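Lifted from TrEMBL, the feature list:
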TRANSMEM  12-34  transmembrane segment
TRANSMEM  88-106  transmembrane segment
TRANSMEM  127-152  transmembrane segment
TRANSMEM  193-217  transmembrane segment
TRANSMEM  224-246  transmembrane segment
TRANSMEM  266-285  transmembrane segment
Amino acid sequence: MQYFLKNLKKYIFNRSTLIVIGIGFFCLIVSFVVRNYDTLKELIKPNINTMQSQGLDMAAKLRQSKQHRDFLCVDLFNFDSYIRSAQWIYLYLVNIFAILPSIRYFDKRKSGYLKSVLMRTHFKKYLWREGLSITIAGGIIAFVPYFVYWLLGAIFIPNNVGEDMGLIQTYFREYQSFNPFSFLHISVEQLKLYWLVYIVMIGIYGICISFLTFVFANIVSKKAVLFVAPLGYYYLVTTVMDFFHIQHYSILGLISYFSQANNSTPNILIAISTIIIVSLIIYSVKVTKEKVVNV
């Protein structure tokens, strides 16, 4: 356990990883601003001359301006819209965050460090301990930026919903007796908890991608492959599942199809199991001591 915690700290609390996490959080804020730029601009400095206020004196225009601002605040600062504003960009960022520990491990392997370590340590035992640390670290790194973003919203933004989520809630109330979606019932009363579950799913997605990338980090000789491996897996699996019309079984279904009514618990478990099984098969067939030490 001590070795595991030490390794976990090493893969998370290093300068480059913390910088990337900070950049990721900044990107989430920028995404929110970009998506809501016109509303924010109008909120900060409304153009009262463009409103439907012909014939009104200045005092009436100012009252109308205040009402307009109140409307914009309700439209802008709802928790559902706040989370969704950053959702699109994080689907790309999470794949970078999750592979950071594996990249650090690959650099260590490339330097020849593992060759000396494996002379004193049992190969499989060392690899599994290292793999566990890297896998968990990848999930934590994928989870943290969006969680901090969620936390800011949870503190400062009311627990209200946008139009899309309102429709989903209405759908659930009408069909809750047979709706298979595992977490939709949470959204009816606890929207913030619902989106926290979504962010936990991002962490689980990060764990799965991190494990797959760790396996590749032991068998490839080019770092670029580590960036391509998650996307390659995603497109391959997506193509196959699109052909059979079972897209919700894709690992990306954990986050991109999270709000869909057919995203049930069995679907989620199948998506997770598939990538783990594929990773284990590649590991058992391809990863050998000779391949690990001879880069």
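Using the three backbone atoms N, Cα and C, a Cβ is placed for every residue, glycine included.
Whatever TrEMBL says is automated annotation, not expert-curated.
Note: the stretches the transmembrane segment (88-106) and the transmembrane segment (266-285) are not in contact (fewer than 3 CB pairs below 8 A, sequence gap of 6 or more). Comparing 12-34, 127-152, 193-217, 224-246 for CB pairs under 8 angstroms to the transmembrane segment (266-285), the maximum falls on 193-217. When each of 12-34, 127-152, 193-217 is scored by its Cβ pairs under 8 Å to the transmembrane segment (224-246), the top-ranked stretch turns out to be 193-217. When Cβ-Cβ distances below 8 Å are used as the criterion, the transmembrane segment (193-217) is approached by residues 79-80, 83, 90, 94-95, 97-99, 101-103, 105-106, 109, 130-131, 134-143, 146-147, 150, 154, 183-184, 186-187, 225-226, 229-230, 233, 251-252, 254-255, 258, 268, 272, 275-276, 278-279, 282-283, 286-287 of the same chain, each at least six residues removed from its ends.
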